[in-house]
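Taken from Swiss-Prot, the feature D-ribose 5-phosphate binding site applies to 66, 195, 256, 277, 278, supported by sequence analysis. Annotation comment: Swiss-Prot describes 123 as active site, schiff-base intermediate with D-ribose 5-phosphate. Under the heading D-glyceraldehyde 3-phosphate binding site, Swiss-Prot lists 207, citing sequence analysis as support.
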C-alpha cells in the first residue's frame with residue numbers, strides 16, 4: 001500500500017502505536033537482549049525522515065509557547081504546553097527594538113532544556129545554515145526557520161534534508177507551504193503577523209491554505225500540473241495534497257493568538273495545533289492565560305468549556321495589540337521568506 005492511500009489519521013495512529021510498543025519493550029528490559037531491537041532503537045535516534053515527520057504529530061492538538069527564560073519555560077510546562085520555543089526576545093519586543101534579531105543564546109537554551117521535560121524548540125534566521133547546525137549539535141527537539149528573526153539569506157531557505165532534527169517553517173498560502181515541504185520541513189505554521197496580538201492575519205492565512213487545497217481537489221489533472229509549475233513543486237506533492245485533502249505534514253496556526261477565544265477559533269478553522277508567542281508573556285496574567293489557552297485549544301469543540309477558559313483571564317490584562325493596518329509594508333514580518 002502506498003503512503004498516499006492511507007488517511008492522515010491512520011498514519012498518526014500508526015506512529016502512536018509504534019511509540020507505545022517501543023516504550024513497552026524498553027520498560028520490559030528486552031532491548032538489552034534483542035540485538036535487532038537495540039539496533040532499531042539506535043536508528044530511531046538518528047532522525048530518519050519518518051521520525052522527523054512523526055515528531056510533530058505528537059504535538060497535535062497542543063500549544064507551543066514562545067519563552068525567553070527558564071521561569072517562563074516552567075510556567076509553560078505547568079500550564080500544559082506540548083513544547084516551548086526559545087527566543088532571545090519575544091516577537092513583540094523584536095518588533096519594537098528593531099535591529100538584527102538572531103538565534104537565542106545557546107546557554108539559555110541549554111538551561112531551558114535542563115529545567116523542563118517537554119520538548120524544546122528554538123528559532124534560526126531564514127537561510128542561516130550554521131545557526132541550525134549549532135542548534136542540532138545542542139540537541140533541541142525542533143528548529144523553527146523563522147521570519148520573526150532577521151533573514152540571513154533573502155533568496156533561499158535552509159536545505160532541511162541535511163539535518164537529523166525536524167524543522168518547522170511559516171507559510172501564508174499553499175504554494176509557500178508546499179515549497180517548504182519540498183525543502184524538508186516536517187511542520188508548517190501559518191505566519192500570521194507575529195508580535196501584534198492580532199489574530200486576523202493568522203485567520204487569513206489559514207483560510208487561504210484551506211481554500212487553495214479545496215481548489216486542488218476539484219481540479220483536473222492538467223490543471224494540477226499547471227498548479228505544480230506555479231508553486232514550483234513536484235506534481236506528485238500536489239497530487240498527494242489533493243488526495244488526502246490537507247497538507248501532507250502537520251499544520252499549526254501562529255501569529256497574533258492572544259486569548260482562549262483566538263486559540264479556539266484557529267482550531268475551528270482546521271489548525272492541528274497552535275504556536276502562541278507574545279500573547280502569553282507580554283500579558284499581565286501569563287500563568288492564568290497560559291492555562292486558559294491550552295484548555296481552549298484542547299476543548300475547542302465545546303463552547304461552554306472555551307467560555308470557562310475565557311473567564312480565567314482578564315481582557316484588561318491582555319497584551320497591547322497592534323492594528324495590522326497601522327504597519328508599514330517594511331514592518332511586516334510575514335513577507336520574509338517566500
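The backbone N, Cα and C atoms fix where each Cβ goes, glycine too.
There are 25 other Cβ atoms within 10 Å of the Cβ belonging to the residue listed as 'active site, schiff-base intermediate with D-ribose 5-phosphate'. Every protein chain shown contributes to the tally, and the Cβ of residue 277 (D-ribose 5-phosphate binding site) ends up with 29 other Cβ atoms within 10 Å. Counting in whole angstrom, residue 277 (D-ribose 5-phosphate binding site) lies 12 from the residue listed as 'active site, schiff-base intermediate with D-ribose 5-phosphate' by their C-alpha atoms. Distance between Cα atoms for the residue listed as 'active site, schiff-base intermediate with D-ribose 5-phosphate' and residue 278 (D-ribose 5-phosphate binding site): 15 Å, as a whole number.
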